[in-house]
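As recorded in Swiss-Prot:
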type: REPEAT; residues: 10-53; note: repeat 'PFTB 1'
type: REPEAT; residues: 104-146; note: repeat 'PFTB 2'
type: REPEAT; residues: 156-197; note: repeat 'PFTB 3'
type: REPEAT; residues: 447-491; note: repeat 'PFTB 4'
type: ACT_SITE; residues: 492; note: active site, proton donor
type: REPEAT; residues: 521-566; note: repeat 'PFTB 5'
type: REPEAT; residues: 598-638; note: repeat 'PFTB 6'
type: REPEAT; residues: 647-688; note: repeat 'PFTB 7'
type: REPEAT; residues: 709-750; note: repeat 'PFTB 8'
């Protein structure tokens, strides 16, 4: 059976892995053929079968394998009887003791049992279907496929399971698990199947190949796909738009200097430009020759492709961001004039070789400062391949191999590659939800372990050496999205980590442990203050500074807003909440700067509000998520329904978008289309219901008219499962407008948090006691008698 291991290295024999904090937060999967009873194996198989049978209706996994493991290890048994509010009948009495609190206590008890030994909550953080295939391709090219994923191994079985389970009915694969089929992911997953031993006549391969050929073949794959297929030898580098490594030796005053790029864009094109500059191609194996035959139509086989023309081709299914004409003009100029010069003597000797070395220096720097995890999974594989191209037997490549397990995750739908783990992000919200429950006496050890994890996960130092020369910002005092070893500061992760430490510092140390030293809190404040932009908003990773017109040069076809760093509503709100709390507890530290920061940040939030009263959420789906965050920031700064027209408009949006059954349900299509789109059939989603509910609570809805809150609470209470869990529903995370991300822990964190805030706010108003609510009414009006 598969087992999740937490807080461990790869064993004493692996000298190529190291940690800054004894691997706190590290989560890796290992297969033990001797583990598990027949009953446990049967439970796993039942979970797999259930997912398979329902895969057309529910795409995200329920992340059951590690949950089964943890619940068994902790001998968990739900001892609090389940309560439900009757759906039938005219009225149903609800009291604080019998309904909301019972559901809350059951959920807290269940969720506490899922905490790992090091204090964090493990969870899947995946969903995009272009994460895993490049890893398999890289290992195939470097000759390490059988080392990492041996033939006939359980790893291969689970990878194949994942690919098969998420193939769409039309034979293709989407950009993410809920998306329509795209050329990019269909071609990559087809190649992955073939590398892993699936024959071309296998039903999954045959239907995928038909999908590809019916749309003209892989000449229409987007630019990232063209790059990977060129590396493999199934495409030609002359069919790619130029990615000159000379970019990395440009003068820093130029507007398109890489130091001004968004860090993820910079980190993707850094190794890509190295591989392009080398024109690296893997060995042309018999399989590669077969793929050349399989992926091109008979009318235009591989050897007859017009590669120059192919550079600008992109399947309509992939074209979310069509290139503007100015971008194509730049690519054509580089392709026709610049590249022919830079690849000939003496320019190839004195310019290109220098550019390649500088690029590789940056790759090594980033690898070292992330302990070879790198900033994310797309970048990880490219940097690993670049290290192998430079030195196939070098330590850098071996250190990359040692960190591959950090990215792999196993659930009932198979093995997938994570973005890079959401350990700190999930734990920060989990702790806040548990603290809001007011069940401190019941969960003291849970809070203490969580507190220790958060303290252990704070980044203690800035990047090494002259980090500004390497285009890096300060990181000391920050929190990452995953764990300390990752090393990359994130503003909202830092703000949420700071909030946790401040909240826990107000509690008895004998329950939650020693509070964090003030100096470390000051470091966190310093990071947040350093990131605010001129218009008051906060970016996620690095200061905003580049010209917005640079987005015209976005080289991807399926993402938007990826060239430069931008401000985000969620990051800004988190920072407001954290700094407001900090200023109350430490009024003597940089108070004027913090007050000025909050004033500008509130101005940014008010300006960012949409006409309908909502805010666009960049990291969750979508307007519901953004509105919850924005209202939290506004409330922390003293903005109320009474004194703020911004808050009143937001409340109007939330009440108008509440569904018939009291919840909220928003389609992921809201994100790419940038307009509110309800779930099909006006269904509700429990995570989004929690967001909408907490948004109204921030805006004082409990004091004005609690009926909408009662209706939402009824949905959450009645949806809770027998063991205290909540059901998995639609995907709720997003990045770069167009790609969805599955946060498996959200289904526990947010319903718990919403119920906790509901109980706390409404208990204060004594609304829950002795109140008879018309639960079956869909009206937002209620009378007290």
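Just so you know, glycine gets a Cβ as well, placed from its N, Cα and C.
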Candidate ranges 10-53, 521-566, 598-638 - greatest C-beta contact count to the repeat 'PFTB 7' (647-688) (under 8 angstroms): 598-638
Region pair the repeat 'PFTB 5' (521-566) / the repeat 'PFTB 1' (10-53), three or more CB pairs under 8 Å: no
Structural state census, the repeat 'PFTB 8' (709-750) (DSSP three-state): 16 helix, 8 strand, 18 coil
Listed stretch, out of 447-491, 598-638, 709-750, that has the most CB pairs under 8 angstroms to the repeat 'PFTB 1' (10-53): 447-491
